[in-house]
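I have placed the structure first, in the form of structure tokens, so that the comments after it can refer back to it.
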Amino acid sequence: MADFLPSRSVLSVCFPGCVLTNGEAEQQRKSKEIDKCLSREKTYVKRLVKILLLGAGESGKSTFLKQMRIIHGQDFDQRAREEFRPTIYSNVIKGMRVLVDAREKLHIPWGDNKNQVHGDKLMAFDTRAPMAAQGMVETRVFLQYLPAIRALWDDSGIQNAYDRRREFQLGESVKYFLDNLDKLGVPDYIPSQQDILLARRPTKGIHEYDFEIKNVPFKMVDVGGQRSERKRWFECFDSVTSILFLVSSSEFDQVLMEDRLTNRLTESLNIFETIVNNRVFSNVSIILFLNKTDLLEEKVQVVSIKDYFLEFEGDPHCLRDVQKFLVECFRGKRRDQQQRPLYHHFTTAINTENIRLVFRDVKDTILHDNLKQLMLQ
């Protein structure tokens, strides 16, 4: 029967458009495969939930991103933990240098004058050395400074300077690490999950983290919050589903590190006003995270917000009154009060369980709003 089948050459004469050479067939197969990939990519992009983390420097964005990694299945393995060790050592040395400098400028006497030698040693630390300039300190170097750091932290003069920390710039995790010097001083010290969450590494550039929840792809983008980094924000605005705007709610009595003049809460309010009234985000859900609730709760007991925001009318030592005032401040920055609702949450970014519960609610809000937008397209 094969003798009666027309040859390939006959077919090509009779039906020139129906016969493909091996090369043409392969090209067509590749073309179809590319079309399938593009179709899948288009579907993925349409389903992708892109969340932008915005806020002033040290508001907790990077800590929140670390929590997403912990909560959604990519915990820090031993190698990743070890990579944070030089950063933590740098945090400790930098923090102690700030305290030694503050003690002198605030004219606080030493508890023990012999500690002047230790203070001088810390102030002579070479911050321009290659690793130190990148915010890292080797174990060998840290252990050389450890006895001096321990003696200084035990000095009443340094403790008094710490008690007046709102008068100068000091990292919020410094006390945690100084209280754990014995653990940090072990030569084979491996940072714990909590150590990593509290380690401070200023965000330079753009950091992304991808994860899935029930087959829905999420992309979380963290951009540096310092003034010098904010010009990069516009690079991330494309195809944004939601913005999580983080505020350090406890910093109502502190000023910016960049200019030493601007109130930190005022700076956050100004940034938020720019974001919430930007037409680019008219269809984007904006969720306000009033972060560092644990520190705010401590602060309202001893510092009156009314001394810094005269319009405050509640009880300055009542956490709920202060939180209500903060929410009203941010809501008041929206020029169009009829626009999409402004969701808010009170958070403590270093508390994994708190962030797990809050993000569960946030995820539902984002997915609900995103579904409505897709239905309108």
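Even glycines carry a Cβ here, placed using N, Cα and C.
In Swiss-Prot, the region 'G1 motif' annotation falls on 50-63 of the listed ranges 36-49, 50-63, 64-77, 246-259. Looking at 135-142, 183-190, 287-294, 319-326, the stretch flagged in Swiss-Prot as region 'G4 motif' turns out to be 287-294. Looking at the stretches 150-158, 195-203, 276-284, the one that Swiss-Prot records under the feature region 'G2 motif' is 195-203. Here the region 'G2 motif' (195-203) returns a mean pLDDT of 88 for the predicted model.
Beyond the region 'G1 motif' (50-63), the same-chain residues lying 6 or more positions past its ends with a Cβ under 8 Å from any Cβ of the stretch are 172, 197-198, 200-203, 207, 218-227, 229, 233, 236-237, 239-248, 256-258, 264, 267-268, 271, 275, 289, 291-292, 347, 349-350, 366.
DSSP states for the region 'G1 motif' (50-63), grouped as helix (H, G, I), strand (E, B) and coil, give 3 helix, 5 strand, 6 coil.
Classification of ASP294 (GTP binding site) by DSSP places it within a helix. Of all the binding-site residues listed (GLU58, ASP294), ASP294 has the fewest other CB atoms within 10 A of its CB.
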